[in-house]
Amino acid sequence: MTLKSLPAWTALQSHFEQIRHARLRDWFAPENDRAPTRAERFTIPGGGLAADFSKNRIDDETVRLLVQLARDAGVEARRDAMFAGEIVNPTEGRAALHTALRATDPQAPFHAQVSAERAKMATFARAVRSGTWTGYTGKRIRHVINIGIGGSDLGPKMVVHALHHVATPEISTHFVSNVDGADLARVLEQVDPEETLAIIVSKTFTTLETMTNARSLRDWFVARGCPEDALAKHFVGVSANPAEVVKFGIAADNVFEMWDWVGGRYSLWSAVGLSIMIAVGPEQFDELLAGANDMDRHFREAPLERNLPVLLGLIGIWYRNFFGSQSYLVAPYSEALHYLPSYLQQLEMESNGKSARLDGTFVDYPTSAVTWGEPGTNGQHAFFQMLHQGPTIVPIDFIAVLTPEHPLASHHPKLLANCFAQSEALMLGRTLEEARKVAGPGKEALAPHLTFPGNRPTTTLLVDALTPRALGALIALYEHKVLVQATVWDINPFDQWGVELGKILGKVVEADLSAESVDPAKHDSSTTALIERARAALKR
């Protein structure tokens, strides 16, 4: 049965026509918002977090029908299959067991293997943090460079930045991902090779960007005096292909394993998170895992009507497939969460930016929305104008951390006030009549410019404090949201074939850039012309 033929989908279409012009302002009006209030009904705790869904264009019937859609689409069955280690990535014939990386149950899949690798990580991290692991001249490590791309970069970078307040001040962590040499060059300007440890992270250990940077970094060490037989003091590898790591020149004892049953964008909980563990310590890393496990349990045990990942995913479908929203915004009012939007871009769009159903037929409905964002309050001075007064409706996830993780506590009420006021303003708007009063006598022409449509939907996620445990729960919340949406859309969120074609053609173009001549029959005229211009520039 296809999505559009499900009874709940048909019922939602009828319900949408009934509710599409309803005003949030009216639902919140005192005469309508009686106990239990709308905020009380639609604010739901889970996994140590809380979500206020009340400023969304939903009512109790919307939630009932969306939950029925989840049941009809098999969300519970697919969730349980994922946790059980069944094949939920059929195009690659793999399980998706990122949840096993933070499971505490000894009966969880691969528990012994995961525990052993984490213990090895902890031993190494403690040695680096304590100074007992030194560089080739005996100096302690003061800089860690994580080289990886995609899931081997975005997750660890996001977490290390978010948990800066609990990280050791003795070690600076740097992240290099781009094959553009400027990325690595800028980091190398800041570090001393005698005090630097490189973590090379690649599932296959053949990734173009990662291996290009790794080779350049190895050459840099040697050029600055590190003997080749001492590179083992400065290089470790994280991969599902240990043989290739050793072939690169990294000592076998310095190889940490990841597994093919963990997708890259879900892998920060594994040895891919070694840079996190070195920065914050094994105990705090365990807290990060514990928070994710809290959300895993909530996802498995909470009824769908009170289940944060389920509701977050279903409300996203409500806007994407019924209101026709093409993008959605993540606005963390926390500078510590600066990299969360870019992390979620990969998690959401690489997972659910698909057109092929699980049975190989193609969808006739939209899937992943464009995911974007910027921390508050910066975004208010960039794109919030469009959110408030533009013709396009963009659903928003606000994320508010209620207590600061820094000593400048007097800033925090201002930050929270802006977050809450933005959600209120987007919901309320300002009518033309109200705008006329604001404009004042004799300024009637200004009034239309002072109107706000309002009725703009937002969810506010509340985090008491940005502890490692709370951060783990927040990340897992979005991981599971992605699964919920993928299940309803009947797509595979665990592969990423869309990145392959460009990589294949990229090798052809790279060869042509250094060839004596380019066969115009190999490419379209635009690509041929671009190659020729680049060839001329590279020869200068």
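Using the three backbone atoms N, Cα and C, a Cβ is placed for every residue, glycine included.
If you look up Swiss-Prot, you'll see GLU350 marked as active site, proton donor, on the strength of sequence analysis. Residue density at GLU350 (active site, proton donor): 22 other Cβ atoms are found within 10 A of its Cβ, drawing on all protein chains shown.
DSSP classifies HIS381 (active site) as helix under the three-state reduction. Taken from Swiss-Prot, the feature active site applies to HIS381 (among others), supported by sequence analysis.
Secondary structure at LYS503 (active site), as computed by DSSP, is helix. Annotation source Swiss-Prot lists active site at LYS503 (among others).
Around HIS381 (active site), no same-chain residue at least 6 positions away in sequence has a Cβ under 8 Å from its Cβ. Here LYS503 (active site) comes close to LEU208: these same-chain residues lie at least six apart in sequence, with C-beta atoms under 8 angstroms from its C-beta. Secondary structure from DSSP puts GLU350 (active site, proton donor) in a helix.
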